[in-house]
Each structure stands twice: as C-alpha cells, then as structure tokens.
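The structure appears right after this line, and notes come after that.
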Amino acid sequence: MNSDNGTAPSDNALVIIYLITLFCNLVLLVMVFMNPSLQNPKFLAVSVLSFHRWSLCLCLISITFLLELVSLRFLSSNFFGDMESFSLALLAYDRLVAICFPLRYPYINTNFRMSFIIGGLWFLVFLLEIFPVTLASNLLYCRSRVVQSCCCEHGPVYVLACGDTSLNKQLVTAKSLVVLLAPLTFIVLSYIVVVFAVLRIASVAQRWKAFNTCVTHLALVFIYYLPVIMAYILGNLKLIQSKDLYTAVLTVCVTLPPMLKPHHLQLKDRGTERKS
C-alpha cells in the first residue's frame, strides 16, 4: 500500500478515516462510561457496537502499518466484522422488548442479561470464524505472499493457495450466509412485530414517538448492509474488472460505515426515552 516515494494518498485517506472513527467511537464510549444515566442495556449494546467498529478499523487499517501478524489479523478482522451484524440484531432485540413490553422492560432486559447475551454472541462468532481460519492456515501457499486486499477477507487469501480450496470456499460461503442473513432475518422479523405493536397504540403521537426510537437503529442497519450488498454485487457480477479498483471499493465499503455511524442520533434517542 505504500508507494516508493513514501506514504501513498490511499494510505493517508485510510489513516484519516481511522482517526475519525477512533475519535467518534471513543467519545461515545467515554460518555456512556461517565454518565450513569446512560449505563443501561440499550447503551451497553451501543457501546459494544462502537467497540466492534473501532476494533475492526484497528484491524483493517492500523495493523497494515504496524504488524505483519497475518493470521492474527485474518482472524480478528473477520471476527469483528462478523460481530457487527450480530450487534445490530442485539439492538433490534432491545427495541423489540422496549416497544412491545414497555412496563416489563426493566425486568426483562437487564444489564446482566444483556452482558450474558453479548458474551454468548462473542463465543458463537468465534466458533463460526475459527474453523475457516484454521483451515486456511493449513493450506499450502506457493504463490505470492502479498494479499491483494487490506480487508484480509477469505477470497484474496485463497487465490494465493496452490491446493484445492473448494471446501474452504464452501465453508466460508455458509458462514457468511449465517453471519449476514441470520441477524438480518431477526431484525426484519422483530420490526414486523414492532409495527403491529405500534399500530395497536391508540394515540397517533405515541405511535410516532415509538417509531422515532427505532429511526437510529434502522439507519445503522442501512449504513451497514448497503455497502456489504454493493461489495457482493460488484464482486460476484464482475462489474469491476480491475483488482486494485475493487480492493479500493471494498476498503471504502468496510471502513466508511463505522465513520458515518450517527452517534448523535443515539443520544437523541436517549432524550426521547426520557420524555416518554
């Protein structure tokens, strides 16, 4: 990624994106930590999402300049990338309980229960990721040692292998479908239940107030899944022939969403909850 004359412009752009992402997510984490009124199950899930996005950018960008631990980077970048979709599903669960069971919410969704769910999701994603990474590490690589991607995803790594990678590709495809579609399916189903619950509210003003608490989460889902879908379409339909251009597009798709995360809307939601 470095040019002969020093740091390439693309490297400078990645550093800027990383610094902005680091600052924004750290501000949110510090605000939640310093403000006792924000230390609730919802903002625990929001903090975990911020931590995952900060860690993902750390794996994808800063390790590019600091470390050559490819296996560690391969596992960690895929782990934190996979956790982001489950974090969005976790926020959907929080909204589902808050809107459908508002009076029982403090008893159903406690900090301990949310922490237990987060720990279970970490363990699940680790199991989903460790097997493809382990199989990939056992492959023979007789070609170039340079992975043509800063995202360190499975496809560019398998291109460098000289053995049969059909099993690896099938396993990664199955894992990717689970990681992307399972949380998305839960999010869609949860919002179907939320819509029916909100429509039973007699007051129109209360309906809009309930919907407004979901706007931020829907924006996060849109910001995350749209680039993923775009990268998938561009890659599988071969709409971009240049590997360098596709790598640049994929890098932007992965690194920009964490930077664009609307933190102020999360705090706006908190204000809405106080008024309700």
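Positions of Cβ are set from backbone N, Cα and C atoms, glycine also.
Predicted, not measured: the structure shown is a model, and the values here were computed from it.
So that you can see what the record holds, here are the features copied from TrEMBL:
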{"type": "DOMAIN", "residues": "1-265", "note": "domain 'G-protein coupled receptors family 1 profile'"}
{"type": "TRANSMEM", "residues": "12-33", "note": "transmembrane segment"}
{"type": "TRANSMEM", "residues": "54-74", "note": "transmembrane segment"}
{"type": "TRANSMEM", "residues": "86-103", "note": "transmembrane segment"}
{"type": "TRANSMEM", "residues": "115-135", "note": "transmembrane segment"}
{"type": "TRANSMEM", "residues": "177-199", "note": "transmembrane segment"}
{"type": "TRANSMEM", "residues": "211-233", "note": "transmembrane segment"}
*Positions whose Cβ lies under 8 angstroms from the transmembrane segment (177-199), at least six residues beyond its ends*: 82, 85-86, 88-89, 92-93, 95-96, 99-100, 125, 128, 207, 210-211, 214, 218, 221, 225, 228
_Within the domain 'G-protein coupled receptors family 1 profile' (1-265), what mean pLDDT does the predicted structure show?_
76
